[in-house]
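First up is the structure itself, then whatever we jot down about it.
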């Protein structure tokens, strides 16, 4: 959530920064904030007058002036104030609720270091790693064809079980998926991340804290009877472990890694990536989540990108790092790097990880704070997260980049101990 005080004190500066992301009308928020504060002042003044009247009545009663004509007037005024305060209470609550709902729809301010641009065409390439294999003809099968040829992927039967955009992994395919998950978790825990296995069903409050609700409700699957949602990413349950808590500065930084299946409706992607493992309603992912001191969040963000990149390098998969421009940032992010892996069958890079720094945006929504030793008050932590990695897309990259002339797929050396074999 945005800092309302910052908006109130510097509306033009705030508006200019937000305009780098697109058009947003902040006037309704400023109007609601003004009305709410006016009601607060009125209530405060009435309460002060009520207290003064009560004191006057008490003094007159104590002095024995129970028949003082002024008492009747004071009691009448006190009654009127009580009625007015009772009328103000629902109005104030309504304004507060409306203001909060409006604030929840405003995205995070972009970092000053985020490149300014309208859309993904203006994203900035930071670096590349590895050598891209460019097929001379059709000697590289798309991963879905290779998977079906090897008998390890089945999409047709998945449609029968569920609908389109689901996949069934069979035999060595299921084993490769498990191996990738375990390999990723092993690497991240060795790097200092504490593993978490959270609930896969989450409530609306959790999704609101991390920014998926209320704006992106149509992107997630909901269990209507229980107000529970299927987790779109482990970022949500892991970050919410600390919702409504006050940590100590000594607790920071906190590093977590988590494997979860992820569920997304992909409502805005009709007609895109209709085949294969790239865009599914259900997919596995290993997520990295950090809660850090604000003074270190920029360094922690760069380290997060390195930790996610290390998995691709260990698997010897060519990739590039893209810094997203302001017009392509996710709703909650202030700064974001995407890792894109090379898919030779398409001759292009595809996103496999998104590493975001949210600053205090999520912490403000989720009330995740910390206290410095010996200091008064609390501060909001900074939260970060990144995929480490999307497992299905990693499998797709392996099935394409490791194809052999004899029609087999070589297993990356670091995965061979997990599978006990060298090829698929």
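Just so you know, glycine gets a Cβ as well, placed from its N, Cα and C.
Residues or ranges marked as L-serine binding site in Swiss-Prot (evidence: sequence analysis): 233, 234, 235, 287, 387. Close to residue 387 (L-serine binding site) in the fold, though at least 6 residues off in sequence, lie 285, 286, 287, 288, 308, 339, 352, 353, 354, 355, each with a CB less than 8 Å from its CB.
Taken from Swiss-Prot, the feature ATP binding site applies to 264, 265, 266, 351, 352, 353, 354, supported by sequence analysis. For the recorded site, residue 352 (ATP binding site), the DSSP three-state label reads strand.
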Study note, to complete from the structure: Of the binding-site residues listed (264, 265), the greatest number of other CB atoms within 10 A surrounds the CB of 264
Practice item. For residue 233 (L-serine binding site), identify the closest of the binding-site residues 264, 265, 266, 351, judging by Cα separation. Key: 264
Exercise for review: Would you find the one among the binding-site residues 235, 266, 351 whose Cβ has the most company, meaning other Cβ atoms within 10 Å?
Suggested key: 235
Practice item. Would you list, in sequence order, the residues of this chain other than 233, 234, 235, 287, 387 that have their CB within 8 A of the centroid of the site's CB atoms, where the site is the one recorded for L-serine? Key: 236, 238, 258, 260, 262, 285, 286, 288, 289, 385, 386
Review point. Roughly how many angstrom lie between the C-alpha atoms of residue 235 (L-serine binding site) and residue 264 (ATP binding site)?
Key: 14
Practice item. Report, as a single number, how many Cβ atoms besides its own are within 10 Å of the Cβ of residue 352 (ATP binding site). Key: 27
